Amino acid sequence: SQLSIKDLHFDGVPMRIYQPRKPSASKRRGVVFIHGGCGIFGSIRSYERICRYIARKSDSVVVSVGYHLAPEHKYPAQTLECLTATVHFLRTAETHGVDPARVIVCGDSVGGTFTACVCQELVHRTDIPKIRAQVLIYPFLQALNFNLPSHQKNAATAFLSRERTVHFILKYLNKDCSLKEPILAGSHVPESINLKYRKWINPDLILDMFKLGYKPPLPTLFLPQVHEEVQELFEPRVSPLLAEDAVVCGLPDTCIVTCEHDVLRDEGLLYKKRLEDNNVHVTWHHVEKGFHG
């Protein structure tokens, strides 16, 4: 009763818009919400209660993006549709009673990945208003190292285990799931790439309090044929942590949520450090008893 809810299409992308019914003296804030589900499941409908809650509690206009799912819609269709929807909303914000200078993008899990990608792709755009902030809720941010402390600690955690994480990535990219074991071992990454990105993806960058019981993995044999099969894993659209500093330094204010019992915890911690190193303002919430999903 407090919200007006409409289904729309922005440039061909399904959207659901939640607008508070109560009149506002000024333009409202806007939230582009991108749902999780590994890019292969989840929907506007499954995130209905969350979007209603955000719209009511923050008195904001929320737009939920119904991007088409993989593998039927091949990567990177999902990121591109989220980008299309965000650009369209920024351009038409005022028609929905929204201040275009006060729009944030928000997502959980792979929705956090897509949020990070959208914000990275918009850094150098001058034809649309700037994103005010990004909210990344336990995002997936890199596919190079699956042996970080949080991967080891939460390897067998319910819902999103270490093994299922890689399985879902391969399903999302429409790859053969037999590649899972060599990727878990790190055999898909040549030494040159490991050296290049060690400054950003490295257990040494994680606070000691998060490394209790961590054991550095043994060196693994590089398998060129596996590397060739999964080139997409090294693209910022899959691994936003690999974006160059010239992009990262232009990102908006950021809120990162991490959970202690989550294989993806350390990716949020590493991105937090990268953003701070590039003078981006970061708010960090760590949920001690939280888990993925």
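Quick reminder: no glycine exception, Cβ is built from N, Cα and C everywhere.
Quick look at what TrEMBL annotates:
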- 31-183: domain 'Alpha/beta hydrolase fold-3' (DOMAIN)
- 232-293: domain 'Alpha/beta hydrolase fold-3' (DOMAIN)
(message) Averaged over the domain 'Alpha/beta hydrolase fold-3' (31-183), what pLDDT does the predicted model reach?
(response) 97
(request) With DSSP as the yardstick, break the domain 'Alpha/beta hydrolase fold-3' (232-293) down into helix, strand and coil residue counts. (result) 23 helix, 19 strand, 20 coil
